[in-house]
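Visitor: A single structure is presented below for examination.
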Amino acid sequence: MSAYITSFLLFALGLGTTITFASSHWLLAWMGLEINTLAILPLMAQHHHPRATEATTKYFLTQATATAVLLFASITNAWLTGQWDIQQMTAPAPMMMITLALALKIGLAPLHTWFPEVLQGLNLVTGLILSTWQKLAPLILLFQLPEFNKTGLIILALVSTLMGGWGGLNQTQLRKILAYSSIAHLGWLVLVLQFSPSLAFLAFTTYIFMTFSAFLTFKLNSTTTINALATTWSKAPAVTAMVPLILLSLGGLPPLTGFAPKWMILQELTKQDLALTAMFAALTALLSLYFYLRLSYAITLTMSPNNLSSITPWRLPFHHYSMPLSLTTMMTLLLLPLMPAIVTLFNP
């Protein structure tokens, strides 16, 4: 794909998300979501093989369904109440439909089954965009909705943390594992979104850093399966030494950055008298930690079988991801001591 076309599509992605950010009218928000969806479809289908085409088709049908439900619910709310304002949603039925439509768009369980299948058919860079940037606009809309059904959102979030850990246990494809990791992290984010939006934004920011590091590391090593991780030591030893720390930060182990948002989310849930909810979320995090440890074991403590006479790839061709990878890896590993200052910035 031409660099001009790629730049135009990335600009359209940013424009669609910005329109949704800035809108208080449901039609403008719907228009931003549509621009966002249509801009990423050519990026998803740029590699002409059947799996990419299948993933693009699945993504289009899923997003079109969610957007149609969202538009129908907003029209129904306008018919019942005469209001198009996002923060003036008062009818219960449209509120429920819009919540489910936004959950489908970002891949919250039990509406998550499309996300691992779509991510499996994409290359790692497009999958990174799908896992991070494409979730911003629906999350902003979910944040702007008035408090209607806290129990429903908590149930969606807990099911997401459970399915995000459970679904990744027996996977061998790295992209599917990262997809289930994204589902679990979104569950943690939605769990605290209605109680502390600033903490949810902090959790999403740290999730972006950690996911950016994981995707770019696998892109640098050209690995897409767990078995291929055993060969990464011969390609980039220094990067390979950092991968277990990145994965354990995704799992939320101290003293890495990923521990901070989960710690503060559990603290916030305890303040809201939701101790059982916090306990269940902490237990579901152990499921995710298992497959992060499995990946760490595969990349550090196993060696690839070399039955054929072949040349070990000691060096890789030059990549343009070195600077972003180093910056996000540093943030993924070393931000925990700075968390008090960061929290002060988020809560002035």
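Cβ atoms here come from the backbone N, Cα and C positions, even for glycine.
Computed from a predicted structure; not experimentally measured.
Pasting the feature list from TrEMBL:
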DOMAIN    23-287  domain 'NADH:quinone oxidoreductase/Mrp antiporter transmembrane'
DOMAIN    289-342  domain 'NADH dehydrogenase subunit 2 C-terminal'
TRANSMEM  57-75  transmembrane segment
TRANSMEM  95-115  transmembrane segment
TRANSMEM  151-170  transmembrane segment
TRANSMEM  177-195  transmembrane segment
TRANSMEM  201-220  transmembrane segment
TRANSMEM  232-254  transmembrane segment
TRANSMEM  274-293  transmembrane segment
TRANSMEM  325-346  transmembrane segment
Visitor: Same chain only, please: residues at least 6 beyond the ends of the transmembrane segment (177-195) with a C-beta under 8 Å from a C-beta of the stretch. Say none if there are none.
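Guide: Answer is 106-109, 112, 115-116, 119-120, 127, 131, 135, 139, 142-143, 147, 150, 153-154, 156-165, 167-168, 171, 203-204, 207, 211, 214-215, 226, 250, 261-262, 265, 268-269, 272, 277, 281, 284-285, 287-288, 291-292, 295.
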Visitor: Where else in the chain does the transmembrane segment (151-170) make close Cβ contacts, counting only residues six or more beyond its ends and a cut-off under 8 Å?
Guide: 96, 99, 103, 108-110, 112, 116, 176-177, 180-191, 193-194, 274, 277, 280-281, 284-288, 290-291
Visitor: Tally Cβ pairs under 8 Å between the transmembrane segment (325-346) and each listed stretch (57-75, 95-115, 232-254, 274-293), then give the stretch with the top tally.
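Guide: Of the candidates 57-75, 95-115, 232-254, 274-293, 232-254 scores highest.
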Visitor: Looking only at residues six or more beyond either end of the transmembrane segment (95-115), which have a C-beta under 8 A from one in the stretch?
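Guide: Here the qualifying positions are 33, 58-59, 62-63, 65-67, 69-70, 72-74, 76-77, 89, 135, 138-139, 141-142, 145-146, 148-149, 152-153, 156-157, 159-160, 162-164, 167, 179, 182-183, 186-187, 190.
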Visitor: Taking only the residues in the domain 'NADH dehydrogenase subunit 2 C-terminal' (289-342), give me the average pLDDT of this model.
Guide: 72
